[in-house]
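Straight from Swiss-Prot, the features:
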BINDING   Cys304, Cys307, Cys350, Glu357  [4Fe-4S] cluster binding site
Amino acid sequence: MFGGHAPRRVSHAVDVRWGGTLVTIGGAAPVRVQSMTNTDTADAIGTAIQVKELANAGSELVRITVNTPEAAAAVPAIREQLDRMGVTVPLVGDFHYNGHLLLRDYPDCAQALSKYRINPGNVGQGAKRDSQFAQMIEAAIKYDKPVRIGVNWGSLDQDLLARMMDENGARAEPWEAQSVMYEALIQSAIGSAERAVELGLGRDKIVLSCKVSGVQDLVAVYRELSRRCGFALHLGLTEAGMGSKGIVASTAAIGLLLQEGIGDTIRISLTPEPGAPRTGEVVVGQEILQTMGLRSFAPMVVACPGCGRTTSTLFQELALRIQTYLREQMPVWRSEYPGVEKMNVAVMGCIVNGPGESKHANIGISLPGSGENPAAPVFVDGEKVKTLRGEHIAEEFQQIVSDYVARTYGRATAQN
């Protein structure tokens, strides 16, 4: 009678490895969250530090730019630094224009990467395109690495686009230019993938993407792409933008496609504000998947929006404090307290919905609204266990949450 998201589209499973870490994209694997650094890759230490930050935030793959000989030479050192820090997240090399040369001239780089990203629109021009694309695929075969063949609206193969525009002009009923562009993106991606298969790369070594910047454009392209191939698909807008605009655009496009069962890995291409951590894109990606019920990454905090009954800012401050605390604890809790990522915490601002929402959560607190008794009942697994008062409500509630996690999700508890 009632339905949620559509069944997941069937795709080839692509294994991405480093050491003992295996991240599978597609097949029956969960939708993966990945990210990209914005450091100068030639700065091996700075890049390794940012990769570690992204991995600690929960990024399952991290892409790094490999654009110069200096960057390619630094990749093995980045990998070595990460391994020394105990960070085994697979690295994806992002190649444009000269990837065939860098993979040939820097074999240690080719080996240290776990996956290559190839852009068929700029791998070469004219007659050189096919041979240079082939060189990159041959490197992937030689080093047993999967690839993402990533087509971008802004760097589409111009020869292909010109040919398709000419063919469209000869039609009795020409398509709109936008539709020709969509078709060019799809043909470039699928045609390049099929060429890679002809060269000897397995279908289980190929991920496809067709990135654009518009929400409706992305949805239209991926609906058709998913219908016409069985390759694993990487979702993301090319440039989502800054702040709320970028978050909303990414959520609208990616959320809609995931709801239709389309997509095997996602990357949120947010423009970070000056000084803001790069990890924001990882958190947004995780929250899209968790909010949609597709995966669980960290405990969720439910909080009311506030109204005239909640003139105090205490519930807002407490909700932010608890949400930040939970996120900060996850790098440790993820291994120490398996299952904690599914926990729900409610921080409510008044008596109207406070007790009810708190009872539905694993742990909840209903703070007093304007004119209400200055007391905050706490609920654990649906039962009222305590009433907090005074100036230390935040500290006491945080301790209750911490104690609940240790008691409920500790390994000894999980084994009993």
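Cβ coordinates come from backbone N, Cα and C, glycine included.
Structure with Swiss-Prot features highlighted.
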residue: Cys304; record: [4Fe-4S] cluster binding site; DSSP (3 states): coil
residue: Cys350; record: [4Fe-4S] cluster binding site; DSSP (3 states): coil
residue: Glu357; record: [4Fe-4S] cluster binding site; DSSP (3 states): helix
Fill in the blank from the handout: Ranked by how many other Cβ atoms lie within 10 Å of their Cβ, the binding-site residues Cys307, Cys350 are led by Cys350
Completion exercise
In chain order, residues whose C-beta lies under 8 angstroms from the C-beta of Cys304 ([4Fe-4S] cluster binding site), counting only those at least six residues away in the same chain, are Thr310, Phe315, Met348, Gly349, Cys350, Asn353, Gly354, Glu357
Exercise for the section: Specify all same-chain residues, apart from the site residues Cys304, Cys307, Cys350, Glu357, whose Cβ lies within 8 angstroms of the center of the Cβ atoms of the [4Fe-4S] cluster site, ordered by sequence. Expected result: Pro305, Gly306, Arg309, Thr310, Phe315, Met348, Gly349, Val352, Asn353, Gly354, Gly369
Handout entry: Glu357 ([4Fe-4S] cluster binding site) CB neighbourhood, other CB atoms within 10 A
Key = 20
